[in-house]
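Notes to accompany the following structure.
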Amino acid sequence: MILPFEYYFLNDADNSSKSNYNNIQFINENQNNNLRQKPKFYPNNQFLIEQEQDKYENKKIKNYISDQIQLQPKNTPINKMNHFANINNYQDNKFSLESLNQAQQDNLQKEEDLSILSFDSQEELNYLQEGEENNQFLNEGDIFGYQTRYTFFENRNNLLVEDATNKNNNNYNYNYNNNNSSTQRNYDFNYQNTNEMLQKKKKSNFQNKSQSQLNNHKNEEKKPSQQRKEQLMKRFESLSRIYNKELSQTVTNGWLKPSQAKTISQDNNLGSSAAKSSKVFYQQQKPFSAQITNSSLKYAAASNGFQNLDFSYKQKQQLIQQETKNKIKEQQNVESNNRISMKPPKSANLNSYKNISNLKNFKEIILTRPNSKQVKFQQQNSVNSQPSSLVSQPLKIQSIEKNNLNSNLNDQNFYDDFAELGSTETTGFSFQNVFQLAGVPKDFIASPRSPVQELNQKQENRENELDQMLNDHHIYVASSVTNQNQIKNEQTERKPNMFGKTLTTLARPFSKEYSNRKDILKSAQQNVRFNKNLDYLDSQNKVVAKNKKRTIFKINQNNLQGNQKDLQSNQTSSVISQQNSIQQYGDDNYQQNQVLNDDQSPLIKQNSIDLNAAEIIQNDENENTQKENVLQQKKNQSNQIVTSQQQSNNYFKQETTTNTSNFSTTSNRIISLQALRQKNNSTVKNSDNNNQNQTNPQNQNTNLKENNDKQNLKKTKIQSASANQAGQSNNQLQKTFFINSQDEYVRRTLLRMGWKENKLLLNNNFDLKWIYIDSNDDYKFLNDNQFYNHFKNNTELTQKGRLLYNLKNNTQFGVNQELFFPRCYDLGNDQERGEFSNEFNRMNVMNLLKKHIQYIKLRRSQTYQEIKQAYQQKQANKLNAQVKDGIFFAKVTKQKFFSPLMYEDTKRDNRFIFNITVIAEAVEILKKLKRQQEEYIDETRQSRDCQLYIYQTNFKLESMISQYVKINVPFDEEKFVFEKIVGMSKEHWSSPSMKLMKKLYSLYKYFKDADPQFKVSGTKNIWIIKPSANSRGSGIYLVDKLDEAIDSGLKMQARIVQKYIERPLIFQGAKYKKLNNKKFDIRQWVLVTSFKPLKIYFFTSSYLRVCSQSFDLDNIKILSKHLTNFSLNKNSLAKENWDETVVELKDFISYLKEFKNIDYQEDVKPKIKDLVIETIKCAADKIVNRKKSFELYGFDILLDEYAHPWLLEVNLSPACSERSSFLTEMLDAMAYKMFQIVFKQNNLQEDLEINKETAISTAPASCQNPDYDWEEIYNEEQKEYFCEEDNNMQLAFNNDIQLMVIGQKADLKKEKNLDKKYFQYWGAIKIQSKIRSFLAKKKLQRLKNQKFTFAAIKIQQKMRQFLAKKQLNILKKQQQTNINIPIEDFNQVSVIEV
């Protein structure tokens, strides 16, 4: 049972140009369950297959294949499925399903064409199927499609072929994968059974044939002869050697005309079968072959068989060798005197020889190659001479293995191989010779679509491209003598040139113009290299030139102040030194301009900036000295110096003009050798003239004395005035800044203020540095006069974990962070993780209380009013507290034990039902929390650290409360839902009493007043988890379960959890446009210019960030409903609607006044200012102050439904994308006025702005808006106290201490009274404690002494009773015996005894 096509099929061949391997698709096993369904008569415990099973399976396979073929379009190219269909339907082909066995996977290459061929007779087919001796031929024949079975796999869309023919085994193993189970059923059977099955299936495949035809067919089944075997082997070797990828280029879109197929078949002795088969395909509009691959062309696949192929491989090989030998002899006869070695030139591309497989697989091809020695010999004789006729020697190339058929026409190395093979001068190089040697027919080579024509055309295009490159890039030509030496010394080296490639290979070194082009390229490389070296040396020369100039100017000043004799003697040296300095300055400027025009390295630009700055400072220092020297010296001396400078300047101008003119002319064209020589001669003459002028200073002196004194004085005044103007302009342009962030508004503002940007990253030449995030290394390399937009240790405010730590520590200074910062915990700390779990459970109890009170308030308003009035009256009549002498004495009540019956009374409201068990437990927990909170000194502080020990003893009630709170159904239906979840019986549900409801209201009222976050915390118990250091909303998510929050803290330590404000301010109504039913927060800019003393500025305007989706607490997984970060919300909006995520402050103020009747300027803004001040003060001591540093912070503030501000986080370098027009205006105004404040405090305002008019002209138009301004909200001025007398003995440790007086002056009388009262109360407490202990001990001693007396009294009482009874019994006996005793005597005796 064989199922080769049941699991896989091919897609419709839409892309016919692609390979067949890309059209493979895996079939889902569930799509063909009917094919894999096991028949009913399958045996369970047997491994033999009966005839009925084979027929059943084969019918299914044939029907499935035919259905797949019908689904394909008619004009699609022949793919694998078409071949498989032809196997079953084509009568001449004797394949059967059983013959499609697996072929070896190791012998298959990915890019080989797997085509199916027909055979001459059935005997050839049987010859391939039978016997062990033919297995080798089968393995070798896999390249041409002698595979016996195909299976398709999805691994990289490649088709793998496995060999099913085992060399020493005749057994066959088959695997059948059942769809319903993963077990594999292996069916093994003998070879005899397979022969019987083959015969049965052959009958089914040829049902249309008569019985006579089948008998004739069986008689024809004979093994082929030995001669036929040899022909098949030779056919395989010849086709694998000759027909390759180049031949496949002739086929246009897979088509081949019959005439071309006929000529090809005749030239190669392949018979007429190729022409016949191609004619049939061409008429039926079918492709020439299944697919022409990149590795080789399968001509046998195109011709659909090896029919009538009669030729001898040895004869063909001999003909090829004779042709090559004849060509070699002809070349040797013509040029026998010029034999050279086989060694290729060094300039050739040697890497291409490694890939010699590009020359294809022919066994021995004799090629020619020029020798590098003769090239050297000709270059030594004359550079302009071309290489003469070169004699080539044969070069034998070993045959390559058959499997190495991977070659690409698009590969550049392929063309380099042919270009480097070379040729003689007479014949020239051509690809025709190579293809002829390979055995390609001449008619095919001459055709216009042959690869030979394409290769020749590409070679010509490469030559044209080289000529164009030489003309476009302006390569200079050096002298012939230097070129000869360079070629001699550097011929063996391969160096990259200015084009990024090796132009020696592009120049085709064995062409006619090889020598000239090689000289041009070598000279171009050296000229470019020489120019680069000069440019890189400029930076070092400029530093040396600075020092020379300073020394020269000092020498000139000393000479001018000296005597006349000294001036006359040193006149010549001073003039020469000045001329040299001016020449040097001119050369530096000329080189600098050349560097800037060519866009050289940034290092040279940096040095030029430093040079200009040094020159400006030097001119400013020497202005006054030059004026004084000119007035003091004599007229002749001043005339001489001025005229010498003028002459040197004129000379410098002439020299620079000649240099620039030569440079401009040479940049437009390639100058010749004569032009270079003329230029060199002209420069030599100019240098000679220059030396003559320098060596004859007397002639200059005579000309200098002839000038007038007045004209010289006017010229000096004009020069000094122009220098002053240039100095002022240079001073304004000296201010530079460096920016490395996305804040474009900062760049615009500084450029508007006259600053220049320094774009060099590794450069410290700037006056202001603006970056996104700072590092500790930045502060090490900063100078004292450089501005920086950060303070060291600013993470104390901007990191969420550090901000939490600083705010908690700030409570000891009287700041209650619970009023403006939601509860927050660090999940990386074990202690705070435990506090968070307690807080989470506490919030569940609080939410339970809120839920019941809210239900009573909404559904039973009358009952709620009664409870409220009773609570107010109870608080008014409370007389258990008294105040004496300012001391509060409270009545202490005993703790009552928990009992649900204590809240039962006769008054009940039967209209609603509560879970009395859960409510009573919650009330007891709230009472304990209340007592623990009242024990704190600060009553307003929230009791967060209290341990809820009741949860540890009764964990079941804890889970019940948490589950009861999370029920999100109407209150009347909670009973039924809660019973299903918890499983509590109906006995726990009953209507609440008035006493219970009053107790709930009193607890609700207490926690509402004591807890500032009680109103905004909501009833869902949602918490938000944030990474400590991330920004822009990354890594943030919301949770409502304790386990999720704690697990996130254990996995990632740098995380905090913060209480989510469930009741924010939400506007409802279409008139509010962007804010309708959406959450928002406020981004407030704050500027800090100093931390010691602390100076805080508050920007008067701000903007609102709005969520892109409506607010919904039931869906906490969609972050765009809860977070306002633009980086998260922009993905859910189109780019045109990005402005919906931002709202201007003035619109919000009007909405707030209309919706809540709240004034933002009076009610909200002052609270935000206090929030900012307290937040910055908590970390001010830990941030390092710097004089010229400043910091811009972004405070994110959220308003609850009562318009109370809450701090969410503080952002470092707040990012603001300019997605609205008002944002750009506000940013420009904010940045401009921010820099005005920063520069004004550091006395830089005068340098930046000369007058008010220029300041107004440079300011943006938005600065005129009064709403856009900075307001100083906190200024902690530093107060310094000094002694009236000089104190020279100042201590060292007092230098850095900053003391400040806080509070009022001390009153001594009040202090004394307070001390007396304190000692009195303290003494009374001590005395009382001693007396109480004394009295207690005395009482115990008294009890110990009295216990003996009590015991004696008890014993006496018992004894008396016993004696009295005994005496009465005696008297009774005497009366019975008639003994008369007087009563008086009896009484006396009894009394005495007693």
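Cβ coordinates come from backbone N, Cα and C, glycine included.
Per Swiss-Prot, the features are as follows:
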BINDING   Q1058, K1059, Y1060, I1061, K1079, D1081  ATP binding site
COMPBIAS  217-230  compositional bias 'Basic and acidic residues'
COMPBIAS  627-655  compositional bias 'Polar residues'
DOMAIN    911-1250  domain 'TTL'
REGION    201-230  region 'Disordered'
REGION    563-582  region 'Disordered'
REGION    620-663  region 'Disordered'
REGION    682-706  region 'Disordered'
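A map of Swiss-Prot features onto the structure.
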residue: Q1058; record: ATP binding site; Cβ neighbours (10 Å): 18
residue: K1059; record: ATP binding site; Cβ neighbours (10 Å): 23
residue: Y1060; record: ATP binding site; Cβ neighbours (10 Å): 22
residue: I1061; record: ATP binding site; Cβ neighbours (10 Å): 22
residue: K1079; record: ATP binding site; Cβ neighbours (10 Å): 22
residue: D1081; record: ATP binding site; Cβ neighbours (10 Å): 22
Shell list (ATP; ref centroid = CB of Q1058, K1059, Y1060, I1061, K1079, D1081; cutoff 8 A): P822, I1024, E1062, P1064, H1122, L1198, W1206, L1208
Maximum Cα-Cα separation in Å among residues Q1058, K1059, Y1060, I1061, K1079, D1081, which the record lists as binding ATP: 18
Q1058 (ATP binding site) in three-state DSSP notation: strand
Secondary structure at D1081 (ATP binding site), reduced by DSSP to three states: strand
The domain 'TTL' (911-1250) [mean pLDDT, rounded to integer]: 80
